[in-house]
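Q: OK, TrEMBL features for this one:
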- 7, 65, 141, 142, 143, 144, 174, 175, 176, 196, 197: substrate binding site (BINDING)
- 32, 34, 65, 174: divalent metal cation binding site (BINDING)
- 34: active site, proton acceptor (ACT_SITE)
- 174: active site, proton donor (ACT_SITE)
Ligand SMILES: O=C(CO)[C@@H](O)[C@H](O)COP(=O)(O)O
Ligand SMILES: [Fe+2]
């Protein structure tokens, strides 16, 4: 069964607690938290303080996607704030293996993420060490962008590597997920779909999540 990770980037921040409860009761599996620093990506969003504030209001895993430069400087703070999964960009980490080790040393599941233009092969050396691989299906920085179709072949490539090397990390896809792209991603091997605007721009979040879950079965 596919997991849905609503991205709170598209939530109403004036009532963030209610928004998170709404998707939790609506069937979400993770809460996806997009942390952006205005340097690695041209947008500024959420820091450890917000993670700490939302931790007590949900029992769902907090899936923290770091879009920040020098991620090692902030991994301990996000872990202490309550992140359950921390995912770092291959492109933003100077020493990727060290970043992954640091996440695990802080007692958190470790993920690695790449942008649409980064060759998938660059991840191969780190794949035995990670709990999650996140493939960006848009350029990072904003919600509401269109899905980049070449992502499908990239999911298949990662899924093939996982099978051939008997690894068990989850494959997550982030950006432009809707009922159509969700099915394509799951058919290609994705386990977790991040959905921001598709969930939070829908008046009924349970319906939005069910529509995606139903679409991948069809
Ligand atoms: O990391 C990001 C954007 O950088 C995402 O998590 C978006 O927030 C997804 O939003 P939608 O494309 O689903 O609207
Ligand atoms: Fe994200």
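Sequential numbering from 1, following the chain as shown.
Cβ from N, Cα, C; glycine included.
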Q: Between residue 141 (substrate binding site) and residue 32 (divalent metal cation binding site), how many Å separate their Cα atoms?
A: 14
Q: Can you list, in sequence order, the residues of the same chain other than 7, 65, 141, 142, 143, 144, 174, 175, 176, 196, 197 whose CB lies within 8 Å of the CB centroid of the substrate site?
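A: For the substrate site, the extra neighbours are 9, 10, 34, 138, 145, 194.
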Q: When you measure from the Cβ of residue 34 (divalent metal cation binding site), which residues in the chain that are at least 6 apart have a Cβ under 8 Å away?
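A: Listed in sequence order, they are 7, 8, 9, 45, 46, 65, 67, 143.
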Q: Can you see whether DSSP assigns residue 176 (substrate binding site) to helix, strand or coil?
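A: In three-state terms, residue 176 (substrate binding site) counts as coil.
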Q: May I ask you to report the DSSP-based helix, strand or coil state of residue 197 (substrate binding site)?
A: helix
Q: Write down the Cα-Cα distance for residue 32 (divalent metal cation binding site) and residue 176 (substrate binding site), rounded and given in Å.
A: 14
Q: Please list, in sequence order, those binding-site residues from 65, 141, 174 with the Cβ less than 6 Å from ligand 2.
A: 65, 174
Q: Quick check: in three-state DSSP terms, what is residue 34 (divalent metal cation binding site)?
A: strand
Q: Would you kindly give the Cα-Cα distance separating residue 32 (divalent metal cation binding site) and residue 174 (substrate binding site), rounded to the nearest Å?
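A: That comes out at 10 Å between the alpha carbons.
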Q: Under 8 Å Cβ to Cβ from residue 32 (divalent metal cation binding site), same chain, six or more residues apart: give me those in sequence order, or none if nothing qualifies.
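A: Residues satisfying the criterion: 5, 6, 7, 8, 63, 65, 174, 194, 196.
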Q: If you count other Cβ atoms within 10 Å of each one's Cβ, which of the binding-site residues 7, 197 has the most?
A: 7
Q: Around the divalent metal cation site formed by 32, 34, 65, 174, list the extra residues of the same chain whose Cβ is within 8 Å of the site's Cβ centroid.
A: 5, 7, 9, 33, 63, 64, 87, 134, 194, 196
